[in-house]
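Record features (TrEMBL):
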- 20-218: domain 'Phosphotyrosine protein phosphatase I' (DOMAIN)
- CYS26: active site, nucleophile (ACT_SITE)
- ARG32: active site (ACT_SITE)
Amino acid sequence: MTHSLVEPAETTPPARELTLKVLVVCTGNICRSPLAEQLLRAKAEALGIPLTVTSAGTRAMVGRHMTSEAAALSLHYGALNTEHSPSQLTEALVAQADLILTATREHRSEVVSLLPKSVRKTFTLNQFARMVPTLANLVEPPISLVEPVETTPAQIPLVEPVETLKTLLSKTAEARSLVQPPAALTDDDITDPYKQPQSVYDAVAAEINQAATAIVESFAAALNRSK
């Protein structure tokens with residue numbers, strides 16, 4: 001009897017994730033969430049932070065455009081492009097994201113109701129911006145090993161930027177219950193400026209810009225610690 005030897009199938013290692021996937025959520029996806037999306041993207045690109053940022057609405061005004069007021073303020077605060085097509089929030093979008101930032105606590109609840117296990121990665125924008133700066137200076141970056149090549153006789157440590165950011169997200173989720181809430185819980189909510197006076201748009205845009213700046217600078221601080 002002869003026995004044939006079957007070569008073991010080669011296993012392909014999982015592809016490295018090159019960016020952290022961030023989803024921003026509001027109601028219509030024409031004011032707050034696209035503004036936050038565009039500012040997070042622009043600030044991340046300016047600092048070399050590997051983010052992919054998208055947005056969606058719990059009741060998206062599909063087929064509409066970003067409001068002219070929000071688009072103008074987005075450019076004012078440094079957005080590179082204000083082209084935008086509203087998207088409806090879905091369970092698939094929630095599942096694909098590494099971090100979900102919502103305009104209000106109600107939106108956060110709606111996200112979690114779509115996919116309960118997303119609770120650890122879902123924060124309001126203001127909540128995350130309040131928590132992450134302190135934790136960014138404490139996170140210890142994960143280390144992986146690079147296989148040797150001809151010019152490197154031994155394995156060398158490599159810090160993966162996306163893994164560092166995911167570690168920061170995990171630490172932030174763990175600290176959620178330990179962080180003092182704001183004096184007024186509504187401070188975690190961003191007002192809907194739709195059909196409101198320009199002064200409301202101005203205040204909302206300034207609030208979103210401040211939060212986006214705090215988040216991206218915290219990501220940069222965490223990555224700088226890993227170098």
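Think of each number as a place in line: the chain as shown, counted from 1.
Each Cβ is built from the backbone N, Cα and C atoms, and glycine gets one as well.
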Requested in this report: Starting from the Cβ of ARG32 (active site), draw a 10 Å sphere and report how many other Cβ atoms land inside it.
Outcome: 30
Query - Mean per-residue pLDDT computed across the domain 'Phosphotyrosine protein phosphatase I' (20-218) - result: 91
Query - Pairwise CA distance, CYS26 (active site, nucleophile) versus ARG32 (active site), rounded so that it is a whole Å - result: 6
